[in-house]
Amino acid sequence: MVIKLDLELDAMAITGESHSQFHVLAVDDSVIDRKLIERLLKTSSYQVTAVDSGSKALKFLGLHEEDDHSNPDTVPSVSPNDHQEVEVNLIITDYCMPGMTGYDLLKKVKESSSLRNIPVVIMSSENVPSRITRCLEEGAEEFFLKPVRLADLNRLKPHMMKSKIKNEKQGDQEKLEKSEIQSEQQKQPPSQPQPQPESQPQPQQSPLLQQPNNNKRKTMEEGLSPDRTRRRYNGITTMV
Amino acid sequence: MLGWGVDRLRADMSRLLAILFHQGVLDEQFLQLQQLQDESSPNFVSECKTDGYCDCRLDREFSDYKKMGIHLNQFMGSSSSIGANRVRNVCVAFRAASEQNNRAGCLRALELLEHEYCYLKNKLHELFQMEQQRVLAAGARYPLQQH
């Protein structure tokens, strides 16, 4: 896979496993955590690209921060149809990063017309309910507490499948539109979500509060599943 | 004879690990790390240890508590990621002291942190050496096991 991007990426690993269907972009400023998430993802048979900052992540995705969407004269640096040389099926990012936080990155992705369909997962070493709510409301699919375990990654696949199906539908629709551009046939109903900040892919445009799936709230509720009892600061009082 | 060496090494490693778990120096996250290690990435755990675990240069003057807090957070996160339980706990206390601008508390925490970190580093080094020896010994053993 040849990627023609002019970047200086310290820790970028692209696997060439052609049998892996899904490509995950991992973002974390910590060397260890980046290594860990990369290993976890590869063990789960995903292709992985790991970068150490939000701005590098955006560059990799083809979105440049200097873009001013409100200025019509600016040549957009990403055009949805032909820039996707690298298809990213999921972004998993640390929350606490210098410069652009994971939350900032999430916002930028969801504000971008070309990237908003990509599911985003946030990781954090701190269990802060308000932080979690904020991220989920901004469109994050999941919020993982660190250290992330292999079992956590099982929750990623449904999100990636949904977005892949959607991309394929969108791709088909675009091909169809191109081929029918001269005809007077009616357009197919749009298969992509409405242009709202809402990232829920389901036809129901219900706000986040109404999710049937409560799994993503796992860190908010007290009752974590038994095999994930998290003794964060487990009462060993080190007196100083 | 070689087989006996491999088994002995394995037993020694298990014993050391058990001690470290019992002491709370390591927690289950370390086991997770070990499980992620395989033929394709045999040095994963040691890489985690060396590649930036202690990037944190703590300012002994404690002139900038906020900056210290940031470093501590990072260090705490890394510790947690590799299963360095006791180190992480000291970081928690250290962070609390720094948030209160408690200089004496910070000094004590720093001493404790250095002690815990040193101990952990030495033990991990021991473990990895044993592992390497085990791999070598196991490699030498294969020609004898032609089934």
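Cβ coordinates are placed from backbone N, Cα and C, and glycine is handled just like the others.
The feature compositional bias 'Basic and acidic residues' is assigned by TrEMBL to A:165-181 (among others).
Taken from TrEMBL, the feature compositional bias 'Pro residues' applies to A:190-200.
Feature annotation from TrEMBL assigns compositional bias 'Low complexity' to A:201-212.
Here TrEMBL flags A:218-228 (among others) as compositional bias 'Basic and acidic residues'.
According to TrEMBL, the domain 'Response regulatory' annotation covers A:23-161.
Counting only same-chain residues at least 6 apart in sequence, those with a Cβ under 8 Å from the Cβ of A:Asp94 (4-aspartylphosphate) are A:Val27, A:Asp28, A:Asp29, A:Ser30, A:Asp33, A:Gly102, A:Ile122, A:Met123, A:Ser124, A:Lys146. In the three-state DSSP classification, A:Asp94 (4-aspartylphosphate) falls within a strand. Sequence annotations record features per position, and here TrEMBL assigns 4-aspartylphosphate to A:Asp94.
Residues or ranges marked as region 'Disordered' in TrEMBL: A:161-240.
Helix first, then strand, then coil: DSSP counts for the compositional bias 'Basic and acidic residues' (A:165-181) stand at 15 helix, 0 strand, 2 coil. Regional average pLDDT for the domain 'Response regulatory' (A:23-161) in the model is 87.
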